[in-house]
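Here is what TrEMBL records for this protein:
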DOMAIN    8-285  domain 'Thiolase N-terminal'
ACT_SITE  CYS92  active site, acyl-thioester intermediate
DOMAIN    294-432  domain 'Thiolase C-terminal'
ACT_SITE  HIS389  active site, proton acceptor
ACT_SITE  CYS419  active site, proton acceptor
Amino acid sequence: MAIHGNRVAVVDGCRIPFQKSGTGYASLMGWQLGQLAVKGLMARTGLSGMDVDQVIMGCVATDIATTNIAREIALGAGIPRTVPAHTCTVACISANQAITNGVALIASGQADAVIAGGVETFSDADIRVSKKYRKFLMDLTLHKRPKTLRGKLSLLKSMRPLDFIVPEYPAMAEYSTGMTMGKDADRLANRLGISRQDQDRYAEMSHGRALEGWASEVLKEEVVPVVVPESGELLSCDNGPRRDADVATLSRLRPAFAKGCGTVTAGNASFLTDGAAAVLLMHEEKALAMGLIPLATVRDFYYSAQDPTEELLLGPAFAIPGVLDRAGISLDEIGVLEVHEAFSAQMIANIRCLASRTFARNHLGRDKAVGRLSLDRLNRNGGSLSLGHPFGATGARLVTTCCRRMVREQSRYGLVAGCAAGAMGSAILMERT
């Protein structure tokens, strides 16, 4: 989609400290994490809830008690009850979609100010009873509702003891192919000749950059400290970056998905994370009139969809050229690159594909390679491998980091990209003028 109409500004963005699932936020629900991020954003900008026209949040594993989690987040953050809110889910690019939905609303004149972002928690995952047990309960209490003891025993006859005991865990595999992302990353690494050492070296770089980002207080600028309700614990930084994530240590880890022969491990893959992030989008003229200085404007965005069997993790390699073509600029002109790190193998694969003339010709219908994702411009303060990956929130973290880097590094263009389950891709182009 080419953006026409009002110029849309990214005024500010922030996130709460990302925590490994089962640690800092273990006792909290997703909406609680989200409202902490939104409250932090409003406090930083001085924006009143009365000035917000809509709240849009991404989330993947939504608790059934809060199916429209964006609405609960808005209410919890003190946004007026008259402000609409909706939730969107596009796997790991859910926050990207939330943000571009907000961009579209403002560009078309339907809103002046939108809070967009995302949230995720896996500390209290939706683990269900078995399908047979669910059917038994529904037939017993809702559908058939037998009145006699004989009728009830008839339903019970179809059950086995394990049907009452063995739970059904959240699905991790692609519904259409049955393939998990981890196994696909192993296949991708094997197909492109990406070595275990290359993957571990990339993971080491990500952790090293994240640690440096915290040491220099660069990451501190985008994080709002939170006091965890109930425990009263103050959390002010991420707990994912590891000082021992060096190649020597990582090389000792066993393959996580292809046992014995795989190269993807827990050390070169992103980990389950709880967290939330939010971005304030505004009509640029409205922001300036209120005395708010935008970090950047959204120039354009693009979504792609590929073959789930062979191109599951290659979203950036398809989406990046799409947005660059729409904007009429080259990859070499992009000063700041922030790309979601699902796996080291996925990152290396996308870097290689974008630099490959063969890939461009066979998959993009182009005569020339898209260009080189230079590591000195890419994820300078770490990425999902080290900072963490709360599925629904990562895109908002990327946009926040990208815009802040653009200001610090005085770059005209910044680009955010990511892959998602279902073989989807997203790219958002930001500009400073």
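Note: Cβ is positioned from N, Cα and C throughout, glycine not excepted.
Within 10 Å of the C-beta of HIS389 (active site, proton acceptor) we count 25 further C-beta atoms, all protein chains included.
Mapped onto DSSP helix, strand and coil, the domain 'Thiolase C-terminal' (294-432) counts 55 helix, 33 strand, 51 coil. Fewest Cβ neighbours within 10 Å among the active-site residues CYS92, CYS419: this applies to CYS92. Spacing of CYS419 (active site, proton acceptor) relative to CYS92 (active site, acyl-thioester intermediate) is 7 Å (Cα to Cα, whole number). Secondary structure from DSSP puts CYS92 (active site, acyl-thioester intermediate) in a beta strand.
Taken together, the residues of the domain 'Thiolase C-terminal' (294-432) have an average pLDDT of 98.
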